[in-house]
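*Asks:* Please read through the structure below; I'll follow up with questions.
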Amino acid sequence: MRILLSNDDGVHAPGLQCLAAALRTVAEVHVVAPDRDRSGASNSLTLARPLRAMRLDNGDVRVDGTPTDCVHLAITGLMEEEPDMVISGINSGANMGDDVLYSGTVAAAMEGRFLGLPAIAVSINSHEGKHYDSAARAVLDLLKRLGHMPLPANTILNVNVPHLPWSEIQGVQATRLGHRHKSEPMIRSHDPRGRPIYWVGAAGPEQDAGPGTDFHAVRSGYVSVTPIQVDLTRYDAIDTVANWLRDEDPA
């Protein structure tokens, strides 16, 4: 198996390096990742300038672009043979609920799926970085399952792992995305010259986080595996919108 591995924390991030080492025990691994932290880059592509890629001494490739750039460049411009799968992570910090809309980790996996490949995004529910090995083991277990039963078409697995030793993980649950309240307000400050600057506020608190959600699974000590897709169409609303558009007198 040939795996393309990327992330949004940067090519030197310990989560990526831990996962690369684990994956190399079962597969041929090609690392193509951003040259720096690109958290929150979502699905953005670099269009206004060329991308530069540099191969490091260990064979990994760093790119001065976004996670989506990295996967797109690797598959369509760098790799001589197409990978069998794209994996993104291990991200430092969870990507659950509405967070997936902003996540560069999820976006890298999504780009792989968009280019026709099975894809997994994996994150750990902490920024401390003590238990990346638990997340790596969860990915290896998923790969074994995928060897017996491939993913349904157009499916990305968004995996979130509790920040626990593997011996304390309770199991694995299939989940849906939870939801948060809206984000906290922007934080206003001033630069050294007194000019206003703004920091993005913290994510909103959990709102829909009951049983069945990714939030609940991880909080309960389970690995959360959420199937997501590229197609954002809300099919159950098409007829409603069609009727709304046919209304000749909106008033």
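Residue numbers in this text run from 1 along the chain shown.
Glycine is no exception: its Cβ is also placed from the backbone N, Cα and C atoms.
Relevant sequence annotations retrieved from Swiss-Prot are reproduced here:
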BINDING   Asp8, Asp9, Ser39, Asn91  divalent metal cation binding site
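Context for these features, please: burial, neighbours, distances.
*Replies:* According to DSSP, Asn91 (divalent metal cation binding site) is assigned to a strand segment. Around the Cβ of Asn91 (divalent metal cation binding site), the same chain contributes Asn7, Asp8, Asp9, Gly15, Ser103, Thr105, Ala121, Val122, Ser123, Ile124, each under 8 angstroms and 6 or more positions distant in sequence.
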*Asks:* Counting all other Cβ atoms within 10 Å across every protein chain shown, which of the binding-site residues Asp8, Asp9 scores highest?
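*Replies:* The residue with the densest Cβ neighbourhood is Asp8.
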*Asks:* How many other Cβ atoms are found within 10 Å of the Cβ atom of Ser39 (divalent metal cation binding site), counting all protein chains shown?
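*Replies:* Step by step: centre on the Cβ of Ser39 (divalent metal cation binding site), count other Cβ atoms within 10 Å, giving 19.
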*Asks:* Hey, for the divalent metal cation site built from Asp8, Asp9, Ser39, Asn91, who else sits with CB inside 8 A of the CB center?
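*Replies:* Other same-chain residues with Cβ inside the cutoff are Asn7, Gly10, Ala13, Asp37, Arg38, Pro67, Ser92, Gly93, Ser103, Gly104, Thr105.
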